[in-house]
Amino acid sequence: MASGILVNVKEEVTCPICLELLTQPLSLDCGHSFCQACLTANHKTSMPDEGERSCPVCRISYQHKNIQPNRHVANIVEKLREVKLSPEEGQKVDHCARHGEKLLLFCREDRKVICWLCERSQEHRGHHTFLTEEVAQEYQVKLQAALQMLRQKQQEAEELEADIREEKASWKTQIQYDKTNILADFEQLRHILDWVESNELQNLEKEEKDVLKRLMKSEIEMVQQTQSVRELISDLEHRLQGSVMELLQGVDGVIKRMKNVTLKNPETFPKNQRRVFRAADLKVMLKKLRELRDVQHYWVDVTVAPNNISYAVISEDMRQVSSPEPQIIYEAQGTISQTFVNFNYCTGIRGSQSITSGKHYWEVDVSKKSAWILGVCAGFQPDAMYNIEQNENYQPKYGYWVIGLEERVKCNAFQDGSFHTPSAPFIVPLSVNICPDRVGVFLDYEACTLSFFNITNHGFLIYKFSHCSFSQPVFPYLNPRKCTVPMTLCSPSS
């Protein structure tokens, strides 16, 4: 309908002489309007008498002095030139803007429609030119292929957009579900786990805010990406439905835009890599805490017993044990050197308490130490002490049930050596998520078990010796190794 109205308006502002839109329109007394150039040319050919002329359309006479520029019609023509009509009734686009000649040729190098004067210009000299009809089919095929590719990309873009929205909804649902469960579990354990609840909810809400913010940004990018492809498709569809001129006009830019279309995948977050604190974690933690509370009922006050064999440095209260500082030795030639005692066998020391029955628990502070060994021993055997240099005596069969740390991170248990190497202990690497600053030791003499707890990590069990052969009294055992930082026996009140 709009196209028909525009066509009618165009007819009203078309010059009856040149049949083109009026240029510098002049109106006569009869109401008809003509281009200034057309009316001037008509005057020269009509040769009027006594200054009277007649309208080329209705033949009504008019005076030359009565000719008036029609600014209203000129404005209508100007607006009409800016309006793009439908393909059936559209404006003529087949004339060269520079030369006014018909655009009948296509320049292969510049991918532009040109006229015969453009072909002879310096700009296109030496270029390969063809009739527009000759290349139209070729570009029809290219644009059709481009359209097909873009439709496929549109489908992919829409699928990516749908996926990101689905993932966004899934994330919101999952996090809401996790939040609800965490709230319910913490409500039951609020009296002992308030700080855990607060910490976990804060982390979860921070994760929700961060992930949803990034997913929202990714969703916006996907929507913009889809819209961009749609707009390019619309442009191509319009060209393919239009005339040859509309198909080829600016085709180079369209092809470049088409080639630059690259779909960006949205940012995703694998849920299986998340670590969500769950009720099971609370139950395990609570169980460990209860186990620790149970064994702490058997806490005994342990101190160390000085002896003439160990080189360990003992504090006045008999609770701290450390390795001696390096000794300075003056050699015969007057040179000075530093040397360490052999810490592997010289710094071990036992507790003063002799254990022959019952349940006993104590804790050892090993914070800031890079190496240590602790547990229980069946008593020192001076003849065997000198064989401990490579940890060879740290075996249950020799009366040592111990675990140790070395190089700050390697935690090991020492079991009996194998059949092939009976003199060397079998080293059991221990998986400790948090390096202990404080270790709890629980001895059940009748059950023949010795357990070690990581007080730093909610009392989780580090290692347990079972079926221990306690055939004689055993004693708490400490060895600070080469690390001069002290290890401290904690009092029950600590």
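Each residue, glycine too, has its Cβ placed from N, Cα and C.
Among the features that Swiss-Prot reports, Zn(2+) binding site is placed at Cys96, His99, Cys118, His124. In sequence order, Cys115, Leu117, Cys118 are the residues of the chain that are 6 or more apart from His99 (Zn(2+) binding site) and have a CB within less than 8 Å of its CB. In the three-state DSSP scheme, His99 (Zn(2+) binding site) falls into the coil class.
Feature annotation from Swiss-Prot assigns coiled coil to 132-241; the stated evidence is sequence analysis. Mean model confidence of the coiled coil (132-241) amounts to 84 (pLDDT, 0 to 100 scale).
Marked as domain 'B30.2/SPRY' by Swiss-Prot: 282-494.
According to Swiss-Prot, the N-acetylalanine annotation covers Ala2.
As annotated by Swiss-Prot, phosphoserine applies to Ser86, with the evidence given as similarity to another entry.
What Swiss-Prot lists as region 'Required for interaction with GABARAP and for autophagy' is 186-199.
Residues 66-70, 73-74, 77, 80-81 of the same chain lie 6+ residues outside the zinc finger (15-59) yet bring a C-beta within less than 8 angstroms of a C-beta in it. What Swiss-Prot records for 15-59 (among others) is zinc finger, and it gives sequence analysis as the kind of evidence.
Feature annotation from Swiss-Prot assigns zinc finger to 91-133 (among others).
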Take the mean position of the Cβ atoms of Cys96, His99, Cys118, His124, the recorded Zn(2+) site. Which other residues of that chain put their Cβ within 8 Å of it?
Arg98, Glu101, Leu103, Ile114, Cys115, Trp116, Leu117, Glu119, Ser121
Count of other CB atoms lying within 10 Å of the CB belonging to Cys96 (Zn(2+) binding site):
17
Number of helical, extended and coil residues in the zinc finger (15-59), per DSSP:
11 helix, 10 strand, 24 coil
Which has the fewest other CB atoms in a 10 Å radius around its CB: Cys118, His124, the listed binding-site residues?
His124
For the zinc finger (91-133), jot down how many residues DSSP puts in helix, in strand and in coil.
6 helix, 11 strand, 26 coil
